[in-house]
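According to Swiss-Prot, the features are:
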SIGNAL    1-16  signal peptide
DISULFID  CYS103-CYS135  disulfide bond
BINDING   TYR107, LYS109, TYR126, ASP133, ASP315  alpha-D-glucoside binding site
REPEAT    189-200  repeat '1-1'
REGION    194-277  region 'Disordered'
COMPBIAS  202-216  compositional bias 'Basic and acidic residues'
REPEAT    208-219  repeat '1-2'
COMPBIAS  217-226  compositional bias 'Acidic residues'
REPEAT    225-236  repeat '1-3'
COMPBIAS  227-249  compositional bias 'Basic and acidic residues'
REPEAT    242-253  repeat '1-4'
REPEAT    257-267  repeat '2-1'
REGION    257-295  region '3 X 11 AA approximate repeats'
COMPBIAS  258-277  compositional bias 'Basic and acidic residues'
REPEAT    271-281  repeat '2-2'
REPEAT    285-295  repeat '2-3'
REGION    351-393  region 'Disordered'
MOTIF     390-393  motif 'Prevents secretion from ER'
Amino acid sequence: MLSILLTLLLSKYALGHEVWFSETFPNESIENWVQSTYNAEKQGEFKVEAGKSPVDPIEDLGLKTTQDARFYGIARKISEPFSNRGKTMVLQFTVKFDKTVSCGGAYIKLLGSDIDPKKFHGESPYKIMFGPDICGMATKKVHVIFNYKGKNHLIKKEIPCKDDLKTHLYTLIVNPNNKYEVLVDNAKVEEGSLEDDWDMLPPKKIDDPNDKKPDDWVDEQFIDDPDDKKPDNWDQPKTIPDMDAKKPDDWDDAMDGEWERPQKDNPEYKGEWTPRRIDNPKYKGEWKPVQIDNPEYKHDPELYVLNDIGYVGFDLWQVDSGSIFDNILITDSPDFAKEEGERLWRKRYDAEVAKEQSSAKDDKEEAEETKERKELPYDAKASDEPSGDHDEL
């Protein structure tokens with residue numbers, strides 16, 4: 001018991017940095033996680049598994065979705081609810097798709113301590129939602145959503161996610177200066193400020209409602225060329241009588257009326273004439289009202305602050321199951337998170353790449369052997385076949 005407490009203490013304050021949460025799924029136990037029973041008939045089941053072709057059957061264990069076309073909800077309580085006030089917060093995890101995903105979320109959520117994990121679902125309030133989301137060709141992105149004053153705010157930038165079948169590492173760093181970074185596979189893919197890249201605050205500047213466009217403002221960029229004249233021979237009818245048409249032999253003017261030639265398209269017809277367009281010498285550009293300070297804007301130096309973080313959870317809809325979540329870490333040290341990412345993710349990813357390359361090489365060699373065999377003369381092929389003769393006993 002003492003050794004367990006010591007391990008927990010060391011993990012929380014490892015080497016001078018704080019670890020608020022860590023989960024590496026060292027065995028197949030799922031007892032620390034609570035699966036949601038909300039809308040139970042549509043809920044899929046999470047299991048701790050290593051997937052179809054793990055690099056290491058123990059190291060690769062993770063929280064896996066197991067049923068197609070299901071909602072998923074699961075959460076684990078953080079031993080001590082925390083706030084990131086005055087500190088950097090790093091949220092990191094790995095995800096591997098065990099099969100090709102046509103549509104499915106693979107993002108993590110941080111939840112308040114007042115959540116009921118058994119009733120956890122898509123409308124449950126959360127602090128942060130972070131991670132990949134794939135649906136068809138249109139959606140392949142990393143979500144970064146903050147809840148600010150009760151409203152969820154999506155990042156205004158597009159961050160592409162990985163959609164292959166290898167393990168990938170996703171990292172979000174939120175700093176106390178309201179700056180953030182997003183890393184994929186320990187490489188920075190986006191950074192900026194919470195104020196600029198989310199609409200959590202009203203804009204600093206707005207249009208002056210009292211500013212009016214001057215009466216003589218010209219905002220028409222192009223005008224008709226006054227010197228361009230319509231050619232004299234332009235006006236030709238759209239259709240003309242077909243001179244090759246013949247009056248039917250059985251046409252009776254008394255009964256059928258006077259026969260008229262049918263119309264056909266006129267090859268000389270040029271359509272409606274319009275003068276060419278030229279730059280307007282009086283054009284002043286697009287008029288915009290003067291910008292003034294927004295009286296509704298108020299700087300908030302604590303946009304980054306998330307209080308009472310009490311649960312880690314996954315709330316997903318997946319058409320294609322098989323997502324494996326692992327190596328979940330919440331810490332105040334980007335350096336420690338990077339080290340852990342390299343230690344836990346890198347060797348697995350490199351092994352998966354090597355395995356993929358080896359498989360591709362084997363497939364190529366097999367295809368070449370098959371091709372060579374097909375190109376052999378018939379006699380050569382026959383000589384390779386086992387003989388049908390048998391020695392007599």
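From the backbone N, Cα and C atoms, a Cβ is placed for every residue, glycine too.
Positions of the features from Swiss-Prot, shown on the structure.
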residue : record                         : CB count, 10 Å
CYS103  : disulfide bond                 : 14
TYR107  : alpha-D-glucoside binding site : 22
LYS109  : alpha-D-glucoside binding site : 25
TYR126  : alpha-D-glucoside binding site : 21
ASP133  : alpha-D-glucoside binding site : 19
CYS135  : disulfide bond                 : 15
ASP315  : alpha-D-glucoside binding site : 23
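The two recorded residues ASP133 (alpha-D-glucoside binding site) and CYS103 (disulfide bond) have their Cα atoms spaced 8 Å from each other.
Cβ atoms under 8 Å from those of the repeat '1-4' (242-253) belong to residues 259, 261-264 of the same chain, restricted to positions at least 6 beyond its ends. Long-range contacts of the repeat '1-3' (225-236) within the same chain: residues 266, 268-270, 273, 275-278, each at least 6 residues beyond the stretch ends and with a Cβ under 8 Å from a Cβ of the stretch.
If you measure from the Cα atom of TYR126 (alpha-D-glucoside binding site) to that of CYS103 (disulfide bond), you get 22 Å. Here the CA atom of CYS103 (disulfide bond) lies 15 Å from the CA atom of ASP315 (alpha-D-glucoside binding site).
Residue counts for the compositional bias 'Basic and acidic residues' (258-277) by DSSP state, with H, G and I taken as helix and E and B as strand, are 0 helix, 4 strand, 16 coil. Each of GLY105, ILE108, MET129, PHE130, GLY131, HIS143, ILE145, GLY313, PHE314, LEU316 belongs to the same chain as TYR107, LYS109, TYR126, ASP133, ASP315, is absent from that list, and has a C-beta within 8 angstroms of the C-beta centroid marking the alpha-D-glucoside site. Counting residues of the repeat '1-2' (208-219) by DSSP class, helix then strand then coil, yields 0 helix, 0 strand, 12 coil. Confidence over the repeat '2-2' (271-281), given as mean pLDDT on the 0 to 100 scale, stands at 94. The two recorded residues, LYS109 (alpha-D-glucoside binding site) and CYS103 (disulfide bond), show a Cα separation of 19 Å.
Distance noted between the C-alpha atoms of CYS135 (disulfide bond) and TYR107 (alpha-D-glucoside binding site) is 13 Å. If you compare every pair of Cα atoms in TYR107, LYS109, TYR126, ASP133, ASP315, the residues listed for alpha-D-glucoside, the longest distance is 17 angstrom. Across the range of the repeat '1-1' (189-200), the DSSP-based residue counts are 4 helix, 5 strand, 3 coil. Helix first, then strand, then coil: DSSP counts for the repeat '1-3' (225-236) stand at 0 helix, 0 strand, 12 coil.
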